[in-house]
Amino acid sequence: MKAPPPPSPVAKRARVSPFVFLLVLFLLLFSFLYGEDLKELLGSQAQARPSLHFNAAAAGDGIELPAATAATTEGRTTTRRWRGRLPFAANGDGEEEEEECDVFSGRWVRDEAARPLYREADCPYIPAQLACEAHGRPETAYQRWRWQPRGCALPAFDAAAMLDRLRGKRVMFVGDSLGRGQFTSLVCLLLAAVPDPAARSFATSPDQQRSVFTAAAYNATVEFYWAPFLLQSNADNAAVHRISDRMVRRGSIGHHGRHWEGADVIVFNTYLWWCTGLQFRILEDGPFDAGGNSSTTTWVSTEEAYAMAFREMLQWAREHMDFATTRVFFTSMSPTHGKSQDWGGGEPGGNCYGETEMIGDAAYWGSDSRRGVMRAIGEVLDGDGADVPVTFLNVTQLSLYRKDAHTSVYKKQWTPPTPEQLADPKTYADCVHWCLPGLQDTWNELLYTKLFYP
């Protein structure tokens, strides 16, 4: 039988109804507007986010600035999925389950009633470098913001409950001065459970390498250990470390790591000290201070050097931590606000000095925050570090908005400002560190959440 002839192109076109075009147009528009919601509904997101088992809450009353999204971070937004039981978890068996809420995506909400969580005058352990009120900051609006995740609420920070769950345990912060600030913030938050000075102690080693807060009734300690690169470096002196030609020794994680052994919860951080240029020097062999050819060094990209240190940190955790009983956290890079042109500031050469409001652009990303470092972390965690249950505290985006929260000029100045500097305060403003109480208390609310409600 002869096959019927194929339809002509004219016949084909005649069969296409105008409603088809309308349907296609509708589907494209629907996909554009609601594509992300569909992906969440169908569970097709490639990157897992954490689940929280406390009740969702409304955003609350007050000013809301701004709404951060995972898309603005270009890096890991949360902890990688871990199928084993997470120690210290208070929600069920502590295993990662279905996605419910990304606590790092949300907005800042003004909260006059409940903020700050403590007063500067009530925490005797705040160092002079972070005590902004004591050094003349005239307003405290920066203390009165609460982080509101999209779709849920952070659990209320309960100092007594935290210490009770950490009874007989050691919590250790390891890193640079930003890590020390987070450590100090947590100590201040915990004082609500140990108001009696006789029931607590705080000590710093003579070399300032280590500080330890002890809550005697709980037999619990919160500690800080200075290691700005995590690896052995030529900036390891906690008191004298203003070195421009910085370098780290390859394979040296154990140099500092021997002091971390036995900790039950470790919170690592390292970032700012790596930012000396596009390349970084690695000491392969020999002493740091050797001249001539007695030492062997190599230059690599800053991202490669950073990834090397991150891999060594993960390897140390594999060898020295029992993931059935201990937890590992990593606090993402803390942003700086040294260039007001980044956020459209009007004054040439301006910075965080005089800033009392946060940045309102949800997509804001400062020029000093290196996306390549965030990518390097993600690549290591998804590659060599896939077997290590490290919880990534992604505080970068929510902190990027907070140009108002830096210590600026309201801190102890170790070198008195010159008359020229006093005439132009922005020239000596600290746009790296954060006032306490303030932003870093939110970092610890997120730590509290991810420790007990992962």
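Using N, Cα and C of the backbone, Cβ positions are placed for all residues, glycine too.
Look at Swiss-Prot and you will find S177 tagged as active site, nucleophile, backed by a curator's inference. The active site, proton donor annotation in Swiss-Prot covers D430 and is backed by similarity to another entry. Per Swiss-Prot, active site, proton acceptor is recorded for H433. According to Swiss-Prot, the feature disulfide bond maps to C101-C152, C123-C188, C132-C435, C352-C431. Look at Swiss-Prot and you will find N219, N293, N394 tagged as N-linked glycosylation site, backed by sequence analysis. Taken from Swiss-Prot, the feature motif 'DXXH motif' covers 430-433. The topological domain 'Cytoplasmic' annotation in Swiss-Prot covers 1-15. What Swiss-Prot lists as topological domain 'Lumenal' is 37-454, and the listing cites a curator's inference.
Distribution of Swiss-Prot features across the structure.
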| residue | record | contacts (Cβ under 8 Å, 6+ apart) |
| --- | --- | --- |
| C132 | disulfide bond | E120, T407, S408, Y410, K411, C435, L436, G438 |
| S177 | active site, nucleophile | Q129, P228, H433 |
| C188 | disulfide bond | Y118, D122, C123, Y125, I126, L436, P437, D441 |
| N219 | N-linked glycosylation site | R167, G168 |
| D430 | active site, proton donor | Q129, H406, T407, S408, V409, K411 |
| C431 | disulfide bond | T336, H337, G338, N351, C352, Y353, K403, H406, S408 |
Densest Cβ neighbourhood among C123, C152, C352 (disulfide-bonded residues), 10 Å radius: C352
For the motif 'DXXH motif' (430-433), the number of residues DSSP places in helix, strand and coil: 0 helix, 4 strand, 0 coil
Sparsest-packed of the listed disulfide-bonded residues (C101, C435) - C-beta count within 10 angstroms: C101
Other CB atoms within 10 A, centred on N394 (N-linked glycosylation site): 26
Whole-number mean of pLDDT values that fall within the topological domain 'Cytoplasmic' (1-15): 42
C152 (disulfide bond) to N394 (N-linked glycosylation site) - Cα separation in whole Å: 17
H433 (active site, proton acceptor): tally of other CB atoms within 10 A of its CB: 22
